[in-house]
Amino acid sequence: MAASSAFLPELGTQVVVPVAAVVGIAFAVLQWVLVSKVKLTPEPPRRGDGSAGKSGGAGASEFLIEEEEGLNEHNVVVKCAEIQNAISEGATSFLFTEYKYVGLFMGIFAVLIFLFLGSVESFSTKSQPCHYSKGKTCKPALANAIFSTIAFVLGAVTSLVSGFLGMKIATYANARTTLEARKGVGKAFITAFRSGAVMGFLLAASGLFVLYIAINLFGIYYGDDWEGLYEAITGYGLGGSSMALFGRVGGGIYTKAADVGADLVGKVERNIPEDDPRNPAVIADNVGDNVGDIAGMGSDLFGSYAESSCAALVVASISSFGINHEFTPMLYPLLISSVGIIACLITTLFATDFFEIKAVDEIEPALKKQLIISTAVMTVGIALVSWLGLPYTFTIYNFGVQKTVYNWQLFLCVAVGLWAGLVIGFVTEYYTSNAYSPVQDVADSCRTGAATNVIFGLALGYKSVIIPIFAIAFSIFLSFSLAAMYGVAVAALGMLSTIATGLAIDAYGPISDNAGGIAEMAGMSHRIRERTDALDAAGNTTAAIGKGFAIGSAALVSLALFGAFVSRAAISTVDVLSPKVFIGLIVGAMLPYWFSAMTMKSVGSAALKMVEEVRRQFNTIPGLMEGTTKPDYATCVKISTDASIKEMIPPGALVMLTPLIVGILFGVETLSGVLAGALVSGVQIAISASNTGGAWDNAKKYIEAGASEHARTLGPKGSDPHKAAVIGDTIGDPLKDTSGPSLNILIKLMAVESLVFAPFFATHGGILFKWL
């Protein structure tokens with residue numbers, strides 16, 4: 001047993017965690033207040049007083065470009081406000097429609113959790129012998145059923161609220177970023193980045209705060225039964241991830257149906273620029289950026305965070321921390337997240353306050369510095385927490401035996417996860433940024449048409465899997481060798497500890513994308529569009545980095561959850577040579593393909609309807625191409641909404657029902673095979689799909705920007721290589737924004753669901769094999 005105790009007393013932990021969460025929320029509110037200072041109402045013209053000097057890559061003074069070019073500033077601002085309003089209304093109405101369906105599902109699933117877990121001991125209210133601590137009695141299974149259900153609802157609601165608030169701030173900030181771009185690229189960058197930070201900090205802090213409150217409130221009933229308490233808390237992770245799945249799939253189908261429809265008819269057939277107001281699908285496309293990339297991504301990373309915390313807490317509750325009731329070491333996962341919020345806060349100040357961006361080519365380095373600074377600051381933070389929050393030596397549960405671990409070993413586990421995340425981020429950036437040769441090669445292949453572009457893009461995606469998989473494998477090996485499954489769980493937490501910065505960078509992308517769209521629709525000058533394009537191109541790469549983080553952490557999280565499931569279901573070994581396990585393994589490896597097929601087909605059929613509608617409007621509305629009449633935006637928004645709501649249900653059902661069906665009919669051994677198979681194949685497809693799509697997108701942007709001699713030989717917009725690049729980009733859209741990112745939720749969600757239902761499967765599962 002543990003020979004020493006942690007430096008930080010229980011009271012200290014009870015103060016540090018909520019204070020860090022409150023600081024995070026307060027910082028998010030502060031950033032929001034600063035963004036709101038950019039007014040969306042026309043102001044009387046004012047000249048710069050010279051104090052601001054030069055700001056902006058194009059060398060504009062503090063007064064606005066419009067005044068130089070003689071455009072009516074009043075009209076531009078009013079137009080921006082109108083467009084922003086249309087995007088905001090579209091996004092809000094879609095999310096409310098989605099949440100109605102998701103709310104119904106949440107109710108049904110909550111009842112299922114209660115019935116399945118309650119039936120383990122036939123709804124008895126008597127105390128039962130503990131599963132791990134032999135000779136002790138624990139709270140009844142009925143209590144576990146009730147509290148798991150409450151935790152599930154808490155996780156689900158937190159996930160939905162964080163996604164919704166993220167979307168609200170993004171639609172609030174997009175037009176403000178456009179207006180700030182008139183003063184220079186630096187001002188626009190800060191507005192977009194601050195808005196992303198609002199979402200990042202709000203989500204990280206609220207996720208931590210709700211989990212902390214739940215642990216304390218559940219503790220009032222559970223008392224000394226920590227085993228039961230933390231088993232019930234796993235429902236929080238299940239709630240977060242199940243909502244994320246629907247948010248990701250629904251939002252992904254919405255955004256890509258609109259995007260593909262707008263691109264194919266607008267850019268390829270009609271030769272009009274991206275985000276041209278004459279294009280009927282343009283509002284739906286901009287709405288999609290917010291519901292898919294912002295609300296969906298927010299819920300996804302919240303789910304990862306909740307699950308990795310739950311996996312670590314479950315394993316800790318049956319280790320010496322839980323057995324000896326040591327509160328501070330027990331909450332080590334929450335302490336890591338608390339320090340993460342503070343580390344990210346310091347990092348954010350580097351982007352918004354310490355350094356000012358003055359030129360377009362400083363944008364991407366500034367975003368990359370955010371990742372490096374947050375990782376470096378966080379490494380120091382982890383060392384502090386491991387020294388203050390852990391005893392020098394303790395034991396960790398390792399499949400039936402207690403393994404002795406030292407606090408410095410746990411520090412290494414978290415640190416290896418954190419740095420592996422950075423490696424995955426930079427490898428992703430190398431393969432998806434048009435500053436490096438892989439994307440430039442893809443762009444070059446467009447000379448000979450779309451087919452060679454597709455071949456090169458697919459090859460790039462497959463190749464980009466190699467280094468991230470080695471990084472994940474190394475972190476798993478090291479963390480498991482040092483601290484068993486608990487080590488893997490905290491490595492995942494390490495990767496996610498800088499979630500506030502990661503999300504800020506990620507949300508920055510769609511906000512910049514929207515800002516560019518608004519500039520085009522409001523008829524602003526080409527110089528402003530150049531600035532917003534530069535912001536957007538950097539945002540594209542950072543979005544790919546964000547997806548890399550999400551996929552890498554999902555692999556570690558699901559392995560940790562898998563370990564917790566195997567322990568809880570009392571499986572001594574997962575033997576691949578056993579036919580029960582092997583059939584599970586091969587079916588599990590197939591699931592990501594089945595799921596991807598569903599989501600890709602959904603985007604394809606929704607895009608088909610969209611293309612037909614856009615063509616119909618161009619052909620039948622007189623004066624649309626000339627710009628004398630307005631297109632019918634609402635019909636396109638409705639097509640995207642209806643398609644995504646209808647199409648998100650089958651893939652969602654596949655993921656949610658598979659563990660239940662396999663567990664009940666075939667038992668826990670086959671289910672363990674399914675989880676392992678899905679994890680192994682899902683990670684590969686997710687990385688290659690995301691990077692292929694990102695590379696095609698940036699190859700197109702590389703040709704459009706024409707920044708280098710090589711790019712100019714392929715351009716300009718409308719040339720044959722450019723059209724080939726647009727086709728590649730359109731194929732990549734559902735890969736990078738629907739199938740790829742949803743897969744990481746598939747592998748996590750199946751694992752956490754299996755863990756929550758493990759008591760039921762262990763008692764009543766495997767009906768078919770019992771009969772045979």
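Cβ atoms are placed via backbone N, Cα and C, with glycine included.
A quick note: this is a predicted structure, and the numbers were derived from the prediction, not measured.
What TrEMBL lists as transmembrane segment is 15-35 (among others). Within its own chain, the transmembrane segment (15-35) is flanked in space by residues 8, 169, 172-173, 176, 191, 194-195, 197-202, 204-206, 208-209, 212, 331, 334-335, 337-339, 341-342, 345, 348, 352, 500, which lie at least six positions past its ends and keep a Cβ under 8 Å from the stretch.
TrEMBL lists 101-120 (among others) with the feature transmembrane segment. If you look at the transmembrane segment (101-120), the same-chain residues 6 or more away from its ends with a CB under 8 A from one of its CBs are 141-142, 144-146, 148-149, 152-153, 156, 160, 235, 238-239, 242-243, 246-247, 645, 649, 652, 656, 660, 756-757, 759-760, 763-764.
Panel annotation: around the transmembrane segment (188-215), residues 17-18, 20-25, 27-29, 31-32, 34-35, 38, 150-151, 154-155, 158, 161-162, 165-166, 169-170, 172-173, 176-178, 180-181, 229, 233, 236, 240, 294, 298, 301-302, 305-306, 309, 313, 331, 334, 337-338, 340-341, 344-345, 348, 351-352, 357, 363, 366, 499-508, 511-512, 515, 531-532, 535, 539 of the same chain, lying at least six beyond its termini, place a Cβ under 8 Å from a Cβ of the stretch. Residues or ranges marked as transmembrane segment by TrEMBL: 188-215 (among others).
Residues or ranges marked as transmembrane segment by TrEMBL: 330-351 (among others).
If one looks beyond the transmembrane segment (371-394) by at least 6 residues along the same chain, the residues whose Cβ comes under 8 Å of a Cβ in the stretch are 2-8, 13, 319-321, 326, 328-329, 331-332, 335-336, 339-340, 342-344, 346-347, 350, 404-408, 410-411, 414-415, 418-419, 421-422, 425-426, 494, 497-498, 501-502, 505, 545. As annotated by TrEMBL, transmembrane segment applies to 371-394 (among others).
The transmembrane segment annotation in TrEMBL covers 406-427 (among others).
For the transmembrane segment (454-478), same-chain residues at least 6 beyond its ends with a Cβ under 8 Å from one of its own Cβ atoms are 412-413, 416-417, 420, 423-424, 427-428, 431-432, 438-439, 441-442, 445, 487-488, 491, 548, 551-552, 555-556, 559, 683-684, 687-689, 691-693, 695-696, 699, 727-728, 731-732, 735. According to TrEMBL, the feature transmembrane segment maps to 454-478 (among others).
If you look at the transmembrane segment (484-505), the same-chain residues 6 or more away from its ends with a CB under 8 A from one of its CBs are 24, 166, 193, 196-197, 199-201, 203-205, 297-298, 301, 304-305, 308-309, 311-312, 315-316, 319, 332-333, 336-337, 339-341, 343-345, 347-348, 367, 370-371, 374-375, 378, 381-382, 396-399, 403, 405, 409-410, 413-418, 420-421, 475-476, 478, 542, 545-546, 549, 552-553, 556-557, 559-560, 563-564, 567. Among the features that TrEMBL reports, transmembrane segment is placed at 484-505 (among others).
Annotated transmembrane segment per TrEMBL: 549-571 (among others), in sequence order.
Remote same-chain residues near the transmembrane segment (577-595) are listed as 651, 654-655, 658, 662, 666-667, 669-682, 685-686, 739, 742-743, 746-747, 750, 769 (criterion: CB distance under 8 Å, separation of at least six residues from the stretch ends). As annotated by TrEMBL, transmembrane segment applies to 577-595 (among others).
Under the heading transmembrane segment, TrEMBL lists 654-687 (among others). Taking Cβ pairs closer than 8 Å, the transmembrane segment (654-687) reaches residues 109, 112, 242, 245, 461, 464-465, 468-469, 472, 548, 551, 554-555, 558-559, 562, 565-566, 569-571, 574, 576, 578, 580-596, 598, 739-741, 743-747, 749-751, 753-754, 757-758, 760-762, 764-769 in its own chain, all 6 or more past its ends.
The feature transmembrane segment is assigned by TrEMBL to 745-769 (among others). Residues 113, 116-117, 119-120, 131, 141, 144, 148, 152, 231, 234-235, 237-238, 241-242, 244-245, 248, 300, 303-304, 307, 310-311, 314, 554-555, 557-558, 561-562, 564-565, 568-570, 580, 591-592, 595, 655-656, 658-660, 663-671, 674-675, 678-679, 682-683 of the same chain lie 6+ residues outside the transmembrane segment (745-769) yet bring a C-beta within less than 8 angstroms of a C-beta in it.
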